[in-house]
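Chemist: Just passing along the structure, written as structure tokens.
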Amino acid sequence: MSLSPTIELSSGAHMPAVGFGTGHISRADITEVIQAAVRLGYRHIDGALSYGGEDLIGAALAQPGGPPRSELWLTSKLMQTQYRSDEQVAACCQKSLQNLQTDYLDLYLMHWPVVLQSDPKDPTGHTPYRHPSTGYFAADHQSGVDLVDTWRSMEELVMAGKVRHIGVSNFNIRQLKAILAVARIRPAVNQVEVHPYCPNKWLVEFCRDQRIHVTAYSPLGAHGQPRVLDNPTLSEVEVSADITPAQVVLTWARQRGLSVIPKASSPSRMVENLNTSRKLTPDQMDQINAIPTRMRVYDYHEEWGLAPGTLFGDSDVDESADDPSHNDNH
Ligand SMILES: NC(=O)c1ccc[n+]([C@@H]2O[C@H](COP(=O)([O-])OP(=O)(O)OC[C@H]3O[C@@H](n4cnc5c(N)ncnc54)[C@H](OP(=O)(O)O)[C@@H]3O)[C@@H](O)[C@H]2O)c1
């Protein structure tokens, strides 16, 4: 069993650089999948209350014979319905702590920079309301919530010892700047979509300058079209570097200084994804950087009734979108 190398956050804490993504895993499968991932060496588990299986992850991790809590890095994410007050944020975090059977989270993230309406049928208010005609979650455009105030509620969780690090997810440069302007505790991490079709170059550079670590989610871009792993440039690199396409993509992200959180179902893929120790040459990195295709897997702006560019920048996957020198909005 090999463990992932770690990256050092601005706090000095070490986070395993290859984590295990737990989105899109059915409740029927999640216990077995988590137990396999931990047995094979994953020590960083990326989850969210909204993924639905957090309680089963907690139960799987609590089984005898597993690694002690001190060796695990547990990340969870605040439900977008619960951004409105200190009380909501604290209660939502408490639910994840209870689910994961732990008294602290290593990292807690604001999941998206958008507030969702709560389903009135859920007394906790956690569950987002699905619009009956579209089946989409409904953004709460009347919430009046300032994301900076939610950030202050996140800071309270650190003060209370409930979480060790706080961060954000899917935040663009403008939103990060607003938080940085007032933060008593700066975001440790921004978790965003990154793969060769969505390199997020300017956002990654901005975060590097601000000592905000970037975690690449959907690092294989596997649920999008066109399929990242089918790209012919990757096949060329794969042959010359003697590694698999998934390892090419994960190693490319790692060599950019990012952590990655691939999800996989089979033990062989779990091991493959954990092993990103082979180095790509500068030429191989350049070859991947030069791939012109742009595609985002996760973009809910239409679903949430937002104008194009509101979430990520002027153009969904245009490199210039997050470049402050190209965009007055930032
Ligand atoms: N913060 C956010 O808003 C956000 C959004 C999306 C995702 N995430 C996080 O990021 C994690 C990963 O994202 P994701 O699940 O969308 O995408 P991903 O990890 O890029 O891709 C997962 C898919 O790739 C397949 N796969 C895994 N290893 C492979 C390999 N070595 N070769 C070929 N195919 C392989 C998996 O298939 P099998 O399962 O069949 O093996 C699965 O269908 C999520 O689980 C979640 O934790 C966060």
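Keep in mind that glycine also has a Cβ here, set from the backbone N, Cα and C atoms.
These figures come from a predicted structure and were not determined experimentally.
According to TrEMBL, the protein carries these features:
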ACT_SITE  Tyr51  active site, proton donor
BINDING   His111  substrate binding site
DOMAIN    21-291  domain 'NADP-dependent oxidoreductase'
REGION    311-330  region 'Disordered'
SITE      Lys77  site 'Lowers pKa of active site Tyr'
Chemist: For the residue listed as 'active site, proton donor', what is the secondary structure state per DSSP, taken as helix, strand or coil?
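Modeler: For the residue listed as 'active site, proton donor' - judged by DSSP and reduced to three states - the answer is helix.
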Chemist: Let me check the 10 A CB neighbour count of Tyr51 (active site, proton donor). How many other CB atoms are there?
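Modeler: The answer is 17.
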Chemist: Is it possible to get the count of other C-beta atoms within 10 angstroms of the C-beta of Lys77 (site 'Lowers pKa of active site Tyr')?
Modeler: 26
Chemist: Where does Lys77 (site 'Lowers pKa of active site Tyr') sit by DSSP, helix, strand or coil?
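Modeler: DSSP assigns Lys77 (site 'Lowers pKa of active site Tyr') to strand.
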Chemist: Any idea what the Cα distance is from Lys77 (site 'Lowers pKa of active site Tyr') over to Tyr51 (active site, proton donor), rounded to a whole Å?
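Modeler: Distance (Cα to Cα, whole Å): 10 Å.
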Chemist: Could you measure between the residue listed as 'substrate binding site' and the residue listed as 'active site, proton donor' for me? Cα positions, answer in whole angstrom.
Modeler: 11
Chemist: Quick one: give me the count of other CB atoms within 10 A of the CB of His111 (substrate binding site).
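Modeler: A 10 Å sphere around the Cβ of His111 (substrate binding site) contains 21 other Cβ atoms.
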